[in-house]
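Student: Below is the structure I would like to discuss, written out as structure tokens.
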Amino acid sequence: MKRFNIFSKYRNIVAKLEKEKSLSFPGVTLNTEGLDSCNMISSSQYYISYKTNGNNIGILSLNEYEKTSNGVILMGKPSIQAHSSTVNDFQFSPFAYDYLASVSSDKTLKLWEISEDGLSENLNNALVTLVHEDEGGVNMVNFHPTVENIISTATTNKVYLWDIENQKIINTFDSENEIQHYSWKEDGSLFVRSLKANGNGLEVIDPRNSGSQPITGAGHPGSKATRALWLGNSNNIVTTGFSKTRDREIFLWDTRNMGSTVFTSRMSFSPGILMPLFDSDTNQLYICGKGNNILIKYELRNNNLEDNNQLMVTNSNFCGVGLVPKRALDVMKCEIDRLLQVTKDSITPISITVPRTNMRYFIPEIFPDTKGDESALTTEEWINGLTKEVKKLSLDPAKSTPAKSHNKNAKPKTTSSASTTVEPPKPSSGPVMPIQVSVGATVTPTRSNPLASKPNPISTKPNPVSAKPNPLSASKPNPVNSGSSSSESLNKRANPLNSSSESLSKKANPLNRSSSSVNVSENNKKDEDTVSTPASAIAMKFGAQASSFRFMSGKVKVQYDNLSGYWDNLTNEIEGIEVNDKFMAIPINGPGGRIAVLKTRDSGRIPSTMNCILCGSTMTYYKFNPFNPNMLVTGNENGNVQIWTIPDEGLTENLTEPDHSFSLFNSKTTLIEFNPLVENLVLVGGYDIGTGSNVLKLLDLGKKEEVFPEHEDKLIHPDFILNASWNYDGTKIATLCRDKNLRVIDMVKGEILKEGIASESNKGRVRWLGKTGKILSVGFDKQSHQEIKIFDENDLSKPLTTLSIDLSSSLLCVYFDEDTNLIYLYGRGESNIKVYEFMEDQDPCCRTLLKINTESIQQGIVFDHKKYLDVAKVEINRAWVVSKDNIKSISFTVPRTRTEFFQDDIFPPTRDTEHSSMTIDAWKSGKITPLKTIDLCPEGMKPLSENNTVKVIKSTAHLIRKAGDKSNRNAKDEFVSQLMSRVIDDEENSDSDGGLEQDKMEGLDDDEWD
């Protein structure tokens, strides 16, 4: 085992959807229809190209949002009148920012030169037009990565290499199978192409050695389209495709051994192909799927894909995506990559940044040199066998060079970052703050620093921490700056106690000891005595909405393996597994409606034959009694509802006779839901084939009789009842019907209270969101995207929030955790659990948190009761996942630093849902008694809220306001004195003896080192 882990510099990267820079396209000006091999967008250092209406290509500048009103691209904008048939692919040259190649179904390759100021009129005449021999048209185009005059194209069964300077074919590479995608190695020596699954799958070809046999790999077994992307100049290739069961797959290959994959990952089912993008400078791999709204990233390290991370979930689904060249990034904001998301009607940048506290200077360790735009070889040199990489350039703005254009008359352009560096000044005698100066801003000299000219207010007091330097001492050199006088330093840095608008234009907190940045702008100049905004206002902007569960993770553990015969032909209404504290029940394939029963807290290998409950007819629904773990209630296709009692030791033989059987319907039973408060009260639903009605009934399992039979006629639904859910106090239910309507019903009065349209589909589920009075429905929209809507129980006419989830045919199941307000969504046939957070008083009232991989195709998921969780390890939930061959548990944990304390902020008292609170007679009379609650704090653990040893950072906002309200020198002296007294108090209250913490630690002996 390795003693030390080397962490990546990019493990904490953050993705931000820059909506303020989004470009919207009204009407049909943005075309997102095309081949699976096309990314729908291409970017150079200054331009972006996209498919527009007709057979045209639109051209915009990379900063087009600055030139438009609200980012709207008006119809009729000039474009490239590219081809006489469908545009299949297009790409900017890596050697000239204004040189674009396009291919089409009209069998042509065309090269275009963009004018210096973009397109002021339609562009009709291409610089070069090359015609292919193939009948099916040209599908893909790629510039050679090291030679500027070589370009490659691909048709259905052939890859072409073109010498565009002499307009002739260098070589062609035929294939008996359909070519679905291809990609060059970064040094231009090899390329890989993916073929249709019934062929070899993958072929690695040396284009200069036509006599050599290609290296082949198996590829993906599915019949749908695949992609292959060479990862920079490494020996690795990543492919995306589909399995035989249509699950999306990610494979990593090593070209030195193509017999097997190095890495494999399987994602949930979706018809949209996965689009990979690779940054060879940082080894970051970004993957998103067409028709999905999730962006994930991997890092190529040690010949493997590591640091899997879901970067973000966007509001709209991806129709295409492109990667912006590195020289166009804002490196002074630590932006390591920028993606362009194409949706049906917009193009939006996604900025990928590395969080840093001080972004004043260029940080070379996260910005390695990148490829320049000078060709490494001539065409003849490359054909003769030379291999050479493109010369690299620094991304430091101080070393920037003009970008190369194809138009020799164009004026040189250099990348203009949003901000530039400030040279480190010389040491100052007073406390200063680092600032970041925007391009074009001016910083005027401020008044002399009161701390530099005034004696230290605490210098006359004995220093109880003499071993530690005074953080505001005038004699202490500035750790950030070196080499300037005090006045020169103040010309470049804002004094935190100076009230001039330049120094506080962004309202920075002067008491913040971190290297917070303050932007100084000409537009924000005010009078010298302007009052500053309190720092608390800044804190609200950045931290108030952060979720306590945003770093939650799920650990998967196999509980039972060797599961065989699982019945996966379930309807959407049935859960794939039922679990309580004692037993778990799973449906088994076979005649007579079989249900196998296992011990919940046991584990191991399931025997090949199991004793089962035999229902006598096909089982259509089943539920454990929440207040009696030994009771299982089943509904059958013959309309019966049966009560079964499971022995404490489990099933030692097949159970064939129920304790009681209700004959309620002359067709199948479709619904069973226990009341969450009342003992032995259960709601059942079914279809009466004689009357053609869909009926709801209430049963008393203790007395073996119906409850409120007179209400049945009032509760008839016009179509099949898909799902139902009890509210928090067990008095109402919400039902979802195949007529697409959501209904709220008072079960005591037998009255339908509200009714409204739930979704556009005739499939769905419904759940009541705790005691909030809100109802969540799950279904599909008109485009077959999974969709959730949240309604107020008193107004079903329109939803409070609507979220489009994913393009999938799987109906989502819902679990709501009323203690944490987390919504867990999971679909049968998928391999993940999507987690959302419900926020009752906000708009929108639901937000995406994360997605957790279950590592297999799930058939059903159910959650454990809170009192069985390991709260000492901050386990906030546990789920049981059944697949075709095993049963797993997933432990959901939240990382916390002080795990020796009970985290009472995320573990409130929880309802004891295993013990009822009232009888049926009390419920019928309307006397509602809530469930008792359980304190989850283990014996001997102290709640975090009662921990008095945690050092609390005292608020200084009132001091900032006070200093801003008073303009005289005495007020500021009083401000500094209070600040320094707090520093002294903190040090006096500390039990430190002045030594360093590491001095108390023991190191390794010499013989313990590896």
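Note that Cβ sites are derived from N, Cα and C of the backbone, with glycine treated the same way.
Per TrEMBL, the features are:
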- 80-122: repeat 'WD' (REPEAT)
- 131-172: repeat 'WD' (REPEAT)
- 394-532: region 'Disordered' (REGION)
- 439-463: compositional bias 'Polar residues' (COMPBIAS)
- 472-481: compositional bias 'Polar residues' (COMPBIAS)
- 509-522: compositional bias 'Low complexity' (COMPBIAS)
- 545-605: domain 'DUF1899' (DOMAIN)
- 970-1010: region 'Disordered' (REGION)
- 985-996: compositional bias 'Acidic residues' (COMPBIAS)
Student: Can you work out which residues elsewhere in the same chain, 6+ from the ends of the repeat 'WD' (131-172), have a Cβ less than 8 Å from its Cβ atoms?
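Tutor: Here the qualifying positions are 35, 37-38, 85-86, 88-91, 93-96, 101-109, 111, 178-179, 181-188, 191, 193, 205, 207, 210, 375-379, 382-383, 387-390.
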Student: Where DSSP helix means H, G or I and strand means E or B, what are the helix, strand and coil counts for the domain 'DUF1899' (545-605)?
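Tutor: Secondary-structure breakdown of the domain 'DUF1899' (545-605): 0 helix, 26 strand, 35 coil.
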Student: Summarise the model confidence on the repeat 'WD' (131-172) as a single mean pLDDT, whole number.
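Tutor: The answer is 93, the mean pLDDT of the model over that range.
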Student: Would you mind splitting the repeat 'WD' (80-122) into helix, strand and coil residue counts from DSSP?
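Tutor: Helix (H, G, I), strand (E, B), coil: 0 helix, 19 strand, 24 coil.
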